[in-house]
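Features of the protein shown, as given by TrEMBL:
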type     : residues : note
REGION   : 1-22     : region 'Disordered'
REGION   : 60-101   : region 'Disordered'
COMPBIAS : 65-82    : compositional bias 'Pro residues'
DOMAIN   : 113-430  : domain 'Glycoside hydrolase 35 catalytic'
ACT_SITE : GLU260   : active site, proton donor
ACT_SITE : GLU340   : active site, nucleophile
DOMAIN   : 477-588  : domain 'Beta-galactosidase 1-like first all-beta'
DOMAIN   : 614-672  : domain 'Beta-galactosidase galactose-binding'
Amino acid sequence: MSPGTLRPPRCPRTRHGQGWQPLPVRVALAVDGLQPAADAVEDEEDALLRHEGPLLSQRLHLAPEGPPLPKASGRSPPPPPHAARGRGLRPCLSPQPTAPPRSFQLDYEQDCFRKDGAPFRYVSGSIHYARVPRPAWRDRLLKMYMSGLNAVQVYVPWNYHEPLPGVYDFSGDRDVEAFLDLTAELGLLVILRPGPYICAEWEMGGLPAWLLWKSDIVLRSSDPAFLAAVDSWLHVLLPKIKPRLYQHGGNIISVQVENEYGSYYACDYDYLRHLLGSFRALLGGEALLFTTDGARAEELRCGTLQGLYATVDFGPDSNVTEAFGAQRSIEPRGPLVNSEYYTGWLDYWGGAHASTSAAQVARGLADMLRLGANVNMYMFHGGTNFAYWSGADLKAQYKPVTTSYDYDAPLSEAGDPTEKLFAIRTVISKFQPLPVGPMPPATPKYAYGRVDLHKHADLLDVLHVLSPSGPIRSQFPLTFEAIKQAHGFVLYHTQLPRDVPAPAPLSAPPHGVRDRGYVMLQKEYQGTLERDGQTTLRVTGRAGDALDVLVENMGRLSFGANFSDFKGLLGNLSLDSSPLSTWLIYPLAIDAAVQQGWPHAALPQSSGRGRSGPAFYTGTFETPGIAWDTFVKFPGWSKGQLWINGFNLGRYWPRRGPQQTLFVPGSVLRVGCPNNITVLELEGAPSTPFLLFLDQPLLNRTLSPSTWTAE
């Protein structure tokens, strides 16, 4: 079982709303949500003109002032001219008599989508199946449907499905076909985003780490090595997608090519043209392909291409008129589309918990719907970065993303409806009829209480278990990629070359530790080196003393100028300015050991060296006849990783914050037998180690940066 794959539940579960069917469209002019229901809101054009002023229709005229920014290889001929007033306000009211019986198309004449020839507007929300346990898929999707959405937007993370070159995994939580089939069963259309790059605050933006085995590869470009890997992947993925396209009887109405490419430094049009050719060859000529970019001219210049319909993304704090005006500079005709309307934002370790008011999100949504725009809300349900899947940004410094991907979304991390959801639902109800029936309730939670743990072993004492292949010998340190390890941890071992009677600096080059290095001398913890933080420790010792550095990968960059983000020790450590050499490098397969029952099936090997430094702790608890969702808190713990029943729940870091609890899906837990807890604490456990299981999360406590070095 791979990290991040949930076992199926041990006992039957109630699934809310099985058998519920989509509500049929009510009247001819309220086609698929195109216009407000007549009895719900006032005339939308009049309301909008009163709200925005008489110049709004001119500002959103489809022929913008001045020449439009050209797409990379030019634009197709424009459709016939038409009257200016009302464009984007009351589009696309007439049916298309010659449309095929099952089609999804762009209408450049009426500035809308057409579904089976009829005007169509989607109101969609993002959900990532890789961040939601498979047993919860139905619950989350049903809540999205009952919120009034008629579509969902879905990323496909390449690295989630191809962990090694040519090795594919579409089982369990990774069964994307089962997820797509479930969306169809529940009456939801799909806007698919298969990458190959997706960002999503996901490890390496969805690109597999094994691409970096070729150290000079240029990612997201026409580099032949990159294109060969992309083509191999697309030839596996897209044939699974083609029969699910709307034109072929499925529910996928559109497919995005790449993602926000205009924000990437390469600006390689040959790469985009290659992707367009591959998508067309594998999906056919009728598939509606599109791009998404930020609403700035420089982003749209490099991110768009003839043959791919250009859409934009922006949040509730943006000027709607200006943002859609940017789309109009590239697409003078066609539907207005916000592919990522931000309902909240992500959290970084050490930052504040992001929040966006429900009123602000609802107001911005209403403004766009009045314009007749198509909107996807990112995120509608965020979920969790289980295992090692969280990514990172580079904003002056390295900023790793938290385990929780709650996103302050309308559905919480645990899938519970929020005030924001009901505010959004109310807005949607003014533009299209809602499904009949109540919103499914929050899933039940349980506070299992305190669970005592005991120390099993220091990490350095169980290398024979964690690295069964043994160490790799090298004169100088090697990166994770050089030893073909994607995630987790690698141990670097050497010896002091001379006596060090007085404290001397042990230093890493700037940004040379990717991302955190836990330093031990003679198996005694000395402190932590950090990528953009502390890079020097002062040590003493004797010639031949063992020096060990456990390096943690905190997530590869998912967004940034150049994200070939190699991990490990990227340069040599030096002692008093003299480089250290002759290293033993241990790739650690911790997840494989834990999934095979270690350490619960092994005798404790505690050395009695105290509670500082990397060590494993274990404990068990039983559920009182139920296995409900819960949240685990880490009183007095520092930083580490948590597994329950072999499932990697992700990183905890209460000392840095803001996240204080990890979400534990009930589907991970067992009824009628002990639940095995394994904790890898990296810096220091409390004197009395225990965990506390709660029935609600704690996501909003951040430590002051001035205290980080004192950790």
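Note: Cβ is positioned from N, Cα and C throughout, glycine not excepted.
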What whole-number Å value do you get for the CA-CA distance of the residue listed as 'active site, nucleophile' and GLU260 (active site, proton donor)?
11
Looking at the domain 'Beta-galactosidase galactose-binding' (614-672) alone, can you tell me the average pLDDT?
97
With Cβ-Cβ distance below 8 Å and at least 6 positions apart along the chain, what are the contacts of the residue listed as 'active site, proton donor'? List them in sequence order.
CYS199, THR292, ASP293, GLY294, GLU299, GLY303, ASP313, PHE559
